[in-house]
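Trainee: Right, I'll just put the structure down here and ask away after.
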Amino acid sequence: MNAAIRVERLNKTFAGKQALFDLGLAIQPGEMVALIGASGSGKSTLLRHLAGLACCDRSAGGRIEVLGREVQATGRLHGEVRRLRADIGYIFQQFNLVTRLSVLDNVLLGFLGRMPRWRGSLGMFSDEQKRQAMAALERVGLAERAAQRASTLSGGQQQRVAIARALTQQAEVILADEPIASLDPESARKVMEILADINRQDGKTVVVTLHQVDYALRYCSRAVALKGGRIHYDGPSAALSDRLLNDLYGADLDASLLFSDRARNAEPRSLQLVNG
């Protein structure tokens, strides 16, 4: 089976300081993978490289493929990377919505990569596209808020709109960069359950960076832990140990994130969303 994501010898330097060191990684189609690690470990930097939003060092080589197509190599983006991005949904920590537009209009923007540019610039979306956008909002529990301005929603609701936009984009790979970092626990749970449902029901490959290790354990079968720009652990989330987490996070580790047996055996709850 061809990997959905393949990273080979990836290096990245910022202002003379190396952030990623010779990374190699393969993620299979349909996996849900958590990238974990302390702040500054390189997990968000890695995710941006997967989407072609940042380039690796030219001198040290490095290559990234997504869905069997080259994203970048030796510090240069592939000439067709814009087309490839139509198959990569990127969910930002700060939502990246157009807040003056309605919720529905924001979700419709997911279609832009698969329609003529002139139609998109004029907002000429078909009735079928509008139906699909409403179905995506229904799936994330926000159909009744379709006509509201995005600026009126809570942070958790805005993040769910961003996920609905990725659904209309018909992305095969979803990359989520700290999608729950600024959310309250209930909103975070809803967002993670939606991502897990998309992975489970649609077979989409999902890679999510998380600072909250307990969510990685509950929702992601595989964890890749970064420390100082290097992969420190790559394996089942269930095998993460308190000792490893202490090594990763040190004094920054909240004691509540050290797992009890009960937490380790917890299963994600079924997706039951209501508006709000």
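From the backbone N, Cα and C atoms, a Cβ is placed for every residue, glycine too.
The ATP binding site annotation in Swiss-Prot covers Gly37, Ala38, Ser39, Gly40, Ser41, Gly42, Lys43, Ser44, and the record cites sequence analysis as its basis. Under the heading domain 'ABC transporter', Swiss-Prot lists 5-253, citing sequence analysis as support.
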Trainee: So among the binding-site residues Ser39, Ser41, Ser44, who's got the most Cβ atoms within 10 Å?
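Mentor: Within the set of binding-site residues, the most crowded position is Ser41.
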Trainee: Starting from the Cβ centroid of Gly37, Ala38, Ser39, Gly40, Ser41, Gly42, Lys43, Ser44, which together make up the recorded ATP site, report each further residue of the same chain whose Cβ lies within 8 Å of that point, ordered by sequence.
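Mentor: Everything else in range on the chain: Thr45, Leu226.
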Trainee: Average the pLDDT scores across the domain 'ABC transporter' (5-253) and report the rounded value.
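Mentor: Reported value for the domain 'ABC transporter' (5-253) is a mean pLDDT of 93.
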Trainee: Can you give me the same-chain residues 6 or more apart in sequence from Gly40 (ATP binding site) with a CB-CB distance under 8 Å?
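Mentor: Same-chain residues close to Gly40 (ATP binding site) (Cβ under 8 Å, separated by 6 or more): none.
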Trainee: May I ask which residues of the same chain, at least 6 positions away in sequence, place their Cβ under 8 angstroms from the Cβ of Gly42 (ATP binding site)?
Mentor: Lys12, Ala19, Leu20, Leu226, Gly228, Gly229, Arg230
Trainee: For Lys43 (ATP binding site), which residues of its chain lie six or more apart in sequence with Cβ-Cβ distance below 8 Å?
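Mentor: Expected: Leu35, Ile36, Gly37, Thr209, Leu226.
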